[in-house]
Amino acid sequence: MSSGGLLLLLGLLTLWEGLTPVSSKDRPNFCHLPHDPGPCKGNFQAFYYHPVRRTCLEFIYGGCQGNPNNFKTIDECKRTCAA
């Protein structure tokens, strides 16, 4: 392979790495837990990370227990799990 071809390949690999989303290995483990409203009967807007869709979604949190995949704002969810 010519040096020009190697440089092109190296450039493409570098670009691909930069455009690839964050690996699931880089996310906290709790980002992969399903949303859990908990047993209480509150009605609080919350957000959780959906690993298949690779985005944060809204759900209604009951106000107690649940799991750590539970954020008060979508920005907090994105910073923690989708960044």
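Our numbering is plain: 1 for the first residue shown, then up by one each step along the chain.
Backbone N, Cα and C atoms are what each Cβ position is placed from, and that goes for glycine too.
From a predicted model like this one, the values you see are computed outputs, not experimental measurements.
Taken from Swiss-Prot, the feature signal peptide applies to 1-24, supported by sequence analysis.
Residues annotated as disulfide bond in Swiss-Prot: C31-C81 (among others). For C81 (disulfide bond), the same-chain residues that are 6 or more apart in sequence and have a Cβ closer than 8 Å to its Cβ are R27, P28, C31, Y49, C56, N69.
Look at Swiss-Prot and you will find 31-81 tagged as domain 'BPTI/Kunitz inhibitor', backed by sequence analysis.
What Swiss-Prot lists as disulfide bond is C40-C64 (among others). Less than 8 angstroms from the CB of C40 (disulfide bond) sit G62, G63, C64, Q65, each of them six or more residues away in the same chain.
Cβ neighbours of C77 (disulfide bond) (same chain, under 8 Å, six or more residues apart in sequence): F47, Y48, Y49, C56, F71. A helical conformation is recorded for C77 (disulfide bond) in the three-state DSSP classification. Sequence annotations record features per position, and here Swiss-Prot assigns disulfide bond to C56-C77 (among others).
All protein chains included, C31 (disulfide bond) registers 19 other Cβ atoms within 10 Å of its own Cβ.
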